[in-house]
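One structure below.
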Amino acid sequence: MASKKVCIVGSGNWGSAIAKIVGGNAAQLAQFDPRVTMWVFEEDIGGKKLTEIINTQHENVKYLPGHKLPPNVVAVPDVVQAAEDADILIFVVPHQFIGKICDQLKGHLKANATGISLIKGVDEGPNGLKLISEVIGERLGIPMSVLMGANIASEVADEKFCETTIGCKDPAQGQLLKELMQTPNFRITVVQEVDTVEICGALKNVVAVGAGFCDGLGFGDNTKAAVIRLGLMEMIAFAKLFCSGPVSSATFLESCGVADLITTCYGGRNRKVAEAFARTGKSIEQLEKELLNGQKLQGPETARELYSILQHKGLVDKFPLFMAVYKVCYEGQPVGEFIHCLQNHPEHM
């Protein structure tokens, strides 16, 4: 069997952390081609191109400083050139950019290429919810899997122990992806409920914004625990309404579910920015620049998409926590009123 060529589409904080793992494994395992391409959105860093810095210093100095990437990971500034020979495409870009990237890649991929999405977010289609893996799969005509879990990028790059979940309908492909990405400190469970795994990854960012509001307002640990639990209930309810495939509670007990929700509500960037938003009154855009090096936050954007989908279906009242995050972020509702969505939650009626 010919060795599989791998391309990582994206090179932010999480993309670079995954490149470190995938590059290391591809160099050692016969089933993969050792040369791993990584598409890098070209930027100028102190008069040098970011791709040149990565290919000479083997470090993404902007998005994952202090971590060496394996020398077999090659940064390529042209997405078509990076992806055209790949058998496996790993998608890891902010979800608002995926449509444009798919438009560029369409018609340029190998006939038997497959993809895996590490992107946390949802898209609103004309008929309501669209998962990012569906968007990619439909636009590029390739089978898609997903990887979601309690994986804060800097900790993964530091090789601190964590778990993650791959959702893949084809068991053989799931096993291949596990071989490509598993390490002693990055442990993977493969499940077949792709939709549920992916929806967990998108929705938890909205809950984390709520958790950040709690922290910024000084509400304490009991309130934050309630936000996490009520958020989980809304996640499960939303999945049961909108996933086309089966939705079992067991999937929410995997790393993609409750574990990712907890880590994001205590350690992730959505929580951090939401806390600063509640404390300072600065805009989300301003805080993205100050705290995230200009990287985009997924939680508020996902809340906006959820609002659009739920309003279309007449179900806004069933998801008060999701809707409160939307209203605070986009409609100018005072952040201090966030507590009302908890006090009047349908879970308690």
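Glycine is treated like the rest: Cβ placed from N, Cα and C.
Pulled from Swiss-Prot, these are the features on record:
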- Lys204: active site, proton acceptor (ACT_SITE)
- Gly10, Ser11, Gly12, Asn13, Trp14, Gly15, Phe41, Phe97, Ala153, Arg269, Lys296, Gln298: NAD(+) binding site (BINDING)
- Lys120, Arg269, Asn270: substrate binding site (BINDING)
- Ser154: phosphoserine (MOD_RES)
- Lys289: N6-succinyllysine (MOD_RES)
- Tyr326: phosphotyrosine (MOD_RES)
Env. residues of substrate site, Cβ within 8 Å of mean position of Lys120, Arg269, Asn270 Cβ = Asn205, Ala208, Thr264, Gly268, Arg271, Leu297, Gln298, Gly299
Listed in sequence order, the residues of the same chain lying six or more positions from Lys296 (NAD(+) binding site) whose CB sits under 8 Å from its CB are Pro94, Gln96, Glu288
Arg269 (substrate binding site) and Gly10 (NAD(+) binding site), compared by Cα position, are separated in whole Å by 18
Trp14 (NAD(+) binding site) to Ser154 (phosphoserine): how many Å between their Cα atoms?
-> 8
Take the Cβ of Gly10 (NAD(+) binding site) and count every other Cβ within 10 Å, whichever protein chain it belongs to.
-> 26
According to DSSP, does Trp14 (NAD(+) binding site) fall in a helix, a strand, or coil?
-> helix
Only counting partners 6 or more residues apart, tell me which same-chain residues put their Cβ under 8 Å from the Cβ of Lys120 (substrate binding site).
-> His95, Met148, Gly201, Ala202, Lys204, Asn205, Gln298
Hey, of the recorded positions listed (Phe41, Tyr326), which one tops the CB count within 10 A?
-> Tyr326
Greatest CA-CA distance (Å) over the residues Gly10, Ser11, Gly12, Asn13, Trp14, Gly15, Phe41, Phe97, Ala153, Arg269, Lys296, Gln298 that the record ties to NAD(+)?
-> 21
Could you check which of the recorded positions (Phe41, Ala153, Asn270, Lys289) sits closest to Tyr326 (phosphotyrosine), going Cα to Cα?
-> Asn270
The residue listed as 'phosphoserine' and Gly12 (NAD(+) binding site), distance between Cα atoms, whole Å = 11
Whole-number Å distance between the CA of Phe41 (NAD(+) binding site) and the CA of the residue listed as 'N6-succinyllysine'?
-> 18
Hey, which of the recorded positions Ser154, Asn270 is the loneliest by Cβ count within 10 Å?
-> Ser154
Candidates Gly10, Ala153, Asn270 (binding-site residues); nearest Cα to the residue listed as 'N6-succinyllysine' turns out to be Asn270
